[in-house]
Structures are given as structure tokens and as C-alpha cells.
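Asks: Swiss-Prot lists these features:
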BINDING   Gly57, Pro58, Ser59, Gly60, Cys61, Gly62, Lys63, Ser64  ATP binding site
DOMAIN    25-265  domain 'ABC transporter'
Amino acid sequence: MTALTVPKKDTTALKQPSKQAEAILQAKDINIYYGENHAVKQLSLDINKNEILALIGPSGCGKSTFLRSINRMNDLIPSARVTGTLAYEGLNLLSDDVNVVALRKEIGMVFQKANPFPKSIYENLVHGLRFHNVKKKEWADIVEDSLKRAALWDEVKDRLHESALSLSGGQQQRLCIARTLALKPEVILLDEPASALDPIATAKVEELMVELKKNYTVVVVTHNMQQASRVSDRTAFFYNGELIEVNKTDVLFRNPEKKQTEDYISGRFG
């Protein structure tokens with residue numbers, strides 16, 4: 001994991017008890033501020049290897065803000081400030097000596113709105129490879145493998161040099177997922193990846209998420225509780241910047257422990 005740290009600076013390892021070895025990410029006492037706005041409050045949460053964790057809650061509850069903190073996307077917002085620790089394989093990802101470029105390769109993100117580059121399908125996939133100095137002779141295999149993992153290869157293999165903007169919305173979103181996979185991440189962050197898609201495209205993205213779990217850890221923000229119940233292993237409910245409850249998805253939806261959770265999933269507020 002030395003690639004995640006800036007050379008010639010020390011990083012203090014965060015030793016974790018063996019009983020927590022299944023957790024690939026461990027957030028502890030995370031507070032996130034935008035100026036004076038306390039957006040996420042004292043959050044602690046383990047994210048387990050090869051699981052799909054869904055983050056649910058009403059708009060403005062802090063779920064996307066927390067998601068963006070995992071690979072330091074909040075660094076791009078001048079007023080943002082994050083405190084606490086976010087441990088990933090022994091490193092505190094919030095430390096100043098973390099190489100953020102390497103981090104975003106290791107922990108990739110796919111956004112709500114598909115954002116393919118205005119280039120060919122092929123160039124979308126090799127853009128990151130070129131940036132990270134991956135040998136050119138490896139590109140073709142990586143492109144094919146990534147598109148297959150994103151369940152898109154059969155649909156585009158004969159048009160790789162056509163514009164990515166010619167793809168349908170669902171195909172564009174799967175291309176963005178393939179673009180992330182090309183960099184061989186360990187964790188994939190999905191911020192409402194299907195909210196702008198039709199039901200058929202949504203179903204394909206959901207099927208893809210379940211398939212990805214075999215090789216990756218997936219954290220997905222969704223307003224769609226049915227989607228969370230279909231694809232996730234565990235669900236975390238956020239409200240007013242706080243993590244209210246986290247549990248196995250079927251347990252949380254059938255028998256929530258907190259009244260706020262029950263009120264939200266039953267539609268009493270949202």
C-alpha cells in the first residue's frame with residue numbers, strides 16, 4: 001500500500017483488532033463540515049470486503065457527503081473540512097501524506113450522471129491507463145476485460161472507436177463503471193448510479209453491481225429503497241447528518257431497531 005502515500009513521508013499504521021479483519025474500510029468519529037454547516041456528525045462505520053453496502057436516507061442527510069469523503073473528493077470543495085480517521089488496510093486515508101491520485105485509483109467513484117469523455121469508447125477506457133503509465137501493450141486486454149466486467153463488451157466490441165456519446169444513457173453509465181474497473185480498484189463508490197436511467201437500464205446496472213461484489217467492495221448511495229433491498233448485503237440509514245442504524249438489509253427493512261428508520265422506510269417522512 002506504499003503507493004498511497006507520498007514518498008519520503010512517514011505514515012503511522014492504524015493497527016486493527018483481528019476480529020475486524022473482514023473490514024476493508026473503517027470510519028471512526030468522522031465529522032464533515034462545509035464552512036459552518038456540520039454535514040456529517042461523529043460517524044463510525046465498518047465497510048466489509050466484498051459486500052455491497054447501501055447508504056439510504058432523505059436528501060441532505062449526509063450519505064453522499066460521506067461517500068465522497070472515502071476517496072477524498074471533498075478535497076475539491078474549498079469550504080469542506082473532514083476530521084476523524086478512515087482506515088484502509090492500515091492507512092488513515094485522511095492523512096496529509098496520502099497520495100490522493102493513487103487513492104482514487106484504488107477507490108474509484110461513479111457519479112449519478114454518466115460522464116463519459118467526448119472521445120471514443122476505447123479512449124475513455126485508456127485515458128486513465130495513459131495517465132497512470134500503464135504499458136500500451138496491455139491496453140487492449142484491459143479494455144476488453146473491463147468492458148466484459150461491466151457487461152458492455154458484447155454491445156460495443158465492434159464500435160470501440162465510435163464516440164462514447166453515441167451510447168444510450170444506460171450504456172454510458174456502464175462505460176463509466178468499466179472506466180473505473182480499468183484501473184483495477186479494490187473499492188467502487190456509486191453515487192445514485194441508476195437514478196437517471198429507465199427501468200431496463202436500471203436492472204442491468206443492478207445486475208452488474210451484484211456481479212461486481214465477487215471481486216470488489218461496493219458502496220452505493222441510493223434514494224430507491226427497493227433497489228437497496230434488491231442488491232445490498234447491508235444498509236446504513238442516515239438522517240440529519242447522523243448514522244442512525246446499520247444492519248443486514250433484510251433485517252433493517254423487516255425489523256428496524258430505531259423509530260426514525262421505521263418512519264423513513266414506511267414513508268412517514270422522506
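Any Cβ shown, glycine's included, is placed from N, Cα and C.
The shown structure was predicted, so the numbers you read here are calculated from the model rather than taken from an experiment.
Could you tell me the structural context for the features on the list?
Replies: Taking a C-beta cut-off of under 8 angstroms and a sequence separation of 6 or more, Lys63 (ATP binding site) has the following same-chain neighbours: Leu55, Ile56, Gly57, Val221, Ala236, Phe238.
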Asks: Can you count the other CB atoms that lie within 10 A of the CB of Gly62 (ATP binding site)?
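Replies: Here the count is 23.
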Asks: Of Ser59, Ser64, which of the binding-site residues has the most Cβ neighbours inside 10 Å?
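Replies: Compared across Ser59, Ser64, the most Cβ atoms within 10 Å surround Ser64.
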Asks: Near the ATP site, what residues other than Gly57, Pro58, Ser59, Gly60, Cys61, Gly62, Lys63, Ser64 in the same chain have a C-beta no further than 8 Å from the centroid of the listed C-beta atoms?
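Replies: Output for this site, in sequence order: Thr65, Phe238, Tyr239.
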Asks: Would you say which of the binding-site residues Gly57, Pro58, Gly60, Cys61 has the most Cβ atoms within 10 Å of its own Cβ?
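Replies: For the binding-site residues Gly57, Pro58, Gly60, Cys61, the Cβ with the most other Cβ atoms within 10 Å is Gly57.
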